[in-house]
Every structure is written in structure tokens, then in C-alpha cells.
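These come from Swiss-Prot:
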- Gly42, Pro43, Ser44, Gly45, Ala46, Gly47, Lys48, Ser49: ATP binding site (BINDING)
- 6-226: domain 'ABC transporter' (DOMAIN)
Amino acid sequence: MNNHGLKLDNIRRAFKQGKDDLEVLKGANLEIRAGEIVALVGPSGAGKSTLLHIAGLLERPDGGEVFLAGNPAGALGEKERTQLRRLHLGFVYQYHHLLPEFSAIENVVLPQMIAGVPQAKARERAMELLGRMKLAERAEHRPGQLSGGEQQRVAICRALANAPRVLLADEPTGNLDPHTADGVFDELIRLVKGSGVAALIATHNPDLAARMDRVVKMSEGLLVEV
């Protein structure tokens, strides 16, 4: 795998607030290489979620360019952006959003099937990930039969199921108690490092942020290395 992960070049974004434009991002720059985990910190309302949406090709910036696995996304149409996102991106949210009627392994198999992976190969990949997350014995359980920490670990496996080049996570342990959050985060770091993914993780937890390779802070619409 080459070192291309995620690059944000001079990202700008403003929103209408009455008659005025509220500038949330004023030229944010960031580069994350394969195998690197970067913490994104800053107060609520600073623009972290907006930055993640733009990095994940869910929202277009007003200016600047997003490079995903070395591919510039700005000039692409929506169909091409969706294809690029499905091919190279994994997402983890604060709430797991698992399908309640599916078992843990089925939740991890599904995105692979959508991507055209044969079912047998998809199940093999799902069991590999669940095993690395210490969930092999819980693979046939539905989300309602799992603890909060187990549910979030399944969500992490699902995000990495298609071997993305970039992982984006928005407060992935924010809905868990401190002890559970610590354990889930340990598993997340180990799995991401083992996969060689470039990861950007938004968190309000300074202890978790300090365990990542780098910390960048949203400050007045810019990204500042801490």
C-alpha cells in the first residue's frame, strides 16, 4: 500500500446566518498518511463535524480540495463521489446505527455484499474482524443482545469491512462509560494500526486524543497542530 491517505487542501465553508455568512472553515489544511491516527479536537460548534462531512465527501466545500487515497474529489459528479466514498472510506459514529434485525456478522457482511464481495469471502472477512475485536463468540447475536461496547466494536468492524484507505470517526466512544470507552478505543487503535488505514477521529476526550499519533485542533476555522 502506498502512503496516500487523506489530504485536505485549503478547505473553506460558510453557512448563511440571517443576512450574513458564518465562516466555519477558513482554509483548513491537513494530511494524514496510511497507518497514521490523528485526533481532531475543539469545542462544540467549532466545525469538526462539518470538516468530517467534507472529508467524507458527504458535503462539498465552498473552496479547496479533498484528496482521498490520492484522488482529487472536487470535480467529480455525485455518482463518482459515491463510488470513491464506497471504495476508500469507512465511517464510525457516536451511535452505532447497526441494523437491529441482523446479527453482528450480518451487519459486517452487508457492506461487503453491497460492494460485490462474494458471500463466503465476506463472511470470512467479517469473522476475521470480529475475532480481532474479541467478538467471535458473539457473531450470531443481534445488536439488542450485545452491550454498548460490543455494539460499537461491531460498528468499527463494519467500517473496516471493505478495507478502506481512510477511516473517519465522530466521537466513536462518546456514548460509552469511561471504562468501556477506554477498552473500545484500545481495540480501535490496534485494528486501525494493523490495517494501515489513515484515520481522523474527532473526540472531546483529551486522554484518548493524547494516545493518537497527532492532535489537531479546530481554531477560528483553521486546523492547528497541538
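Here the Cβ of each residue, glycine as well, is placed from N, Cα and C on the backbone.
Within 10 Å of the C-beta of Ser49 (ATP binding site) there are 16 other C-beta atoms, taking all protein chains into account. If you count neighbouring Cβ atoms within 10 Å for each of the binding-site residues Gly42, Gly45, Gly47, the highest count belongs to Gly47. Same-chain neighbours of the ATP site beyond Gly42, Pro43, Ser44, Gly45, Ala46, Gly47, Lys48, Ser49, judged by a C-beta within 8 angstroms of the site's C-beta center, are, in sequence order, Met218.
Ala46 (ATP binding site) has a Cβ environment of 18 other Cβ atoms inside 10 Å.
Sparsest Cβ environment among the binding-site residues Pro43, Ser44, Lys48 (other Cβ atoms counted within 10 Å): Ser44. Pro43 (ATP binding site) carries neither a helix nor a strand DSSP state and counts as coil.
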